[in-house]
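Novice: Supplied in structure tokens, the structure appears directly below.
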Amino acid sequence: MGRMATEEYKLEQDRVNWVVSQIKAKIQSVSAEYDKAHAEMKLVQQNYSANTSVNYIEVDDRIETSAELQQQRALASRLIENESIIKSQLETYETLQQSPYFGRIDISDPGEAETEQLYIGTASLTDNDENFLVYDWRAPISSIYYNGTLGEVSYETPAGQQTTELKKKRQFLIQNGHIESMFDTNETVGDEMLQHVLGQQNDETMQNIVATIQREQNDIIRDTRSDLLVVQGVAGSGKTSAILQRIAFLLYHSRKELEADQIVLFSPNKLFSHYISDVLPSLGERNMRQVTLAEFLSQRLQGLNVETLFDRYEQSVDLSAEQQAVRDFQESATYMAAINDYCQQLKPADFQFNAILFDGRVFFSREEIEAIYQKLPDVHPAERFLRTKNVLIKRLKRRIASEAKAKWVSDTIDQLSDEAYHDLLGGKRRHDFQQLDDEVAFIARKIVTRRLRTVYDAIYNNYFLDPYRQYSAFMAQLKLPASVSSSTFAERRQAFNDAIEFHNCPLVDAAPLLYLRDLLTGGGQNFAMKHLFVDEMQDYSIAQLQYLHQAFPKAHMTFLGDSQQALFRSVQRPEDLLNELKAAFNVHRPRLLKLNRSYRSTYPITTFAKALLPDGNDIEAFNRDGDVPKILISADEAAAIKSINRELTRATATQGTAAILTKDLDQAHDVYQKLRHLRQDVTLLTDTDRSLPKGVLVLPVYLAKGLEFDTVICWNVSETNFNDDRLLGTLYTMASRAMHDLVIVSIGAASPLITKRELPVGSLQIEHELSN
Ligand SMILES: Nc1ncnc2c1ncn2[C@@H]1O[C@H](COP(=O)(O)OP(=O)(O)OP(=O)(O)O)[C@@H](O)[C@H]1O
């Protein structure tokens, strides 16, 4: 290990130069190709717009033109696709030109005398004879680079397992075509390169980590077997990074069967979505779909305001022990199982059917709908519901047919303008009808159908079932476990009813309610989604995860989280969690992986952060130098603001990112208002923000989930402000956002969460400030 002899270095730089020259040549030829494709595209577009301006007087002409137009359109879209393929190729070459590769492995296959040298980069590159100059990091052979120590190694290929001998492993840092550093290592991926990468300053968006993926991370990235992969990883261990590289890997691995939009990631907030948005494009892949749980639930509960996790966190009213027990119950798999049982056994008379109204009058009465349901055979509830729907539509059609004979309809027809009449004829023509009467009857049905559109929509959208009343009825008949008091549960049910009255839906009820609705009406399932990722899974209840599984029944699941970062929730052992999920999901190949090494923060920061936790010993700090975290005890708020300002001036002098994290939004507002008078570069972030502006940011901790900053200042971790054990996860999340510097501010005595812990000597620097 260590820096290499100059001669070796020169040889490698020569190779880099040679590869770069090959890339340059490729860029030239592809650019020419691109220009050609672009010109072709332009031509078709011009042609297309010339064609679209032809006049439409002759009806038969119109048909011909539209066939021609369709052809043109197809041609145009093929050209657009072609152009975008060439463009992304060009982009790949341009990235490779800066840094063609980051690794080299020397291998010798059994029985062969020769040693082969393979270079590994973010994308593959071949010369004109199809020889690999650079291997894609996701190629089967590249796994050796991440997994193998020197000596005999094996790797998976589509043709089965192969073995080879790994003779050398070399890492490079190449920038602008220049080798900045290079190391030989016999470890998986050596620490020196990692030191170098991690020591750098934070960017506005996350970077890919392909050059330095660690062995445990590689296991997550390349797992293609598991149908449920649960990752418990400590703060800063690379969970989010692993998700993104895994997606890139899967897209490569199943190039033919998998598209980026068949992958969905549930992310903690919008800032986070923006933060990670560059990683996949930097690897030449399209981004997956991203959604927050709140967005997903609200979209499915249209017309209701679904309480967000943040709303709930903000109002974290101290729940009584009984209320907590009710919440735990409602978030459990048992509760979801009870819903399933209820739906399977629901008697027709217990269905909460709604009458369908038209113009304020009953069109289909409750009794009629119930009678239809009652008469149907006792099949699966969703199936029976669907058949009910079909009967209703049939009856609607019959009523339309008879209503079409009504006098008001013929009166309406008499008064139709020619234009309106033709409009109603739609695609039909005069000679489509045998007699004029038929045509008039057709128009009459059209008129009535249009008028009764709202009835049709109501049937189509399942409005004849009231899922809210049904859910409430479910709660009313539920047999409660011993831990739950019936009066507290009755209060909870009342709270749900009241919320619905005001078009609100409590978060705890959203997933169970949707589950019930989907089971009874047979909707809400997306069979096209092939992979479901959940980041920060500790903020989801089992019930919510179970609903996601129900909503994406065909998706492989990868759930990642850190139980220690739970906000206002008790910590659960990952093994228990996996077992619970396994039972609830009925999966075949579950797997639990752990990441214990933390890369984000310096050694002193991780050492301090882990000391806060009762089970912090599992956390392994990555060895990177830095200052010891500091706690500033101020006498009052004004003094605290002043000292923050001083710290910020120091922190921003180095161009780094700095964030002040608060317990909740109110405090973020407050700090922002005070600080704004002292400096111009401060921004307050709220949950509608989608990007991270430059300068100093003030934000509540839950919006900082998954993010990182060079300097973090934790606001007012005092005895009074952090006086609850349940805030430990909050404090730990705050502290673990810091990459290089961590400052904790406390007005008055510090929180017992810090003072009661036996912190290792010298792990925290304490400064008392007197008021002035
Ligand atoms: N193998 C690696 N090589 C280089 N950098 C890495 C590696 N693994 C993680 N990192 C860096 O460590 C930081 C933390 O990674 P990431 O955000 O993925 O962790 P996380 O487990 O999702 O964290 P948290 O749960 O605290 O939000 C990032 O800056 C990431 O780039």
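Just so it is clear, glycine is given a Cβ too, placed from its N, Cα and C backbone atoms.
Fair warning: this is a prediction, and the values are worked out from it, not measured in the lab.
What TrEMBL records for G233, V234, A235, G236, S237, G238, K239, T240 is ATP binding site. The coiled coil annotation in TrEMBL covers 20-47. The domain 'UvrD-like helicase ATP-binding' annotation in TrEMBL covers 212-602.
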Novice: Would you mind ranking the binding-site residues G233, G236, G238 by how many other Cβ atoms sit within 10 Å of each Cβ and giving me the lowest?
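Specialist: Among the binding-site residues G233, G236, G238, the lowest count of other Cβ atoms within 10 Å belongs to G233.
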Novice: Taking ligand 1 as the reference, state which of the binding-site residues G233, V234, A235, S237 have a Cβ closer than 6 Å to one of its atoms.
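Specialist: Checked binding-site residues vs ligand 1; flagged G233, A235, S237.
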Novice: When you average the Cβ positions of G233, V234, A235, G236, S237, G238, K239, T240 for the ATP site, which other residues in that chain have a Cβ within 8 Å of that mean position?
Specialist: S241, D562, L595, S598, Y599, R600
Novice: Counting other CB atoms within 10 A of each CB, which of the binding-site residues V234, A235 comes out lowest?
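Specialist: The binding-site residues V234, A235 were compared, and A235 has the fewest Cβ atoms within 10 Å.
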Novice: When DSSP is mapped onto helix/strand/coil, what comes out for G238 (ATP binding site)?
Specialist: coil
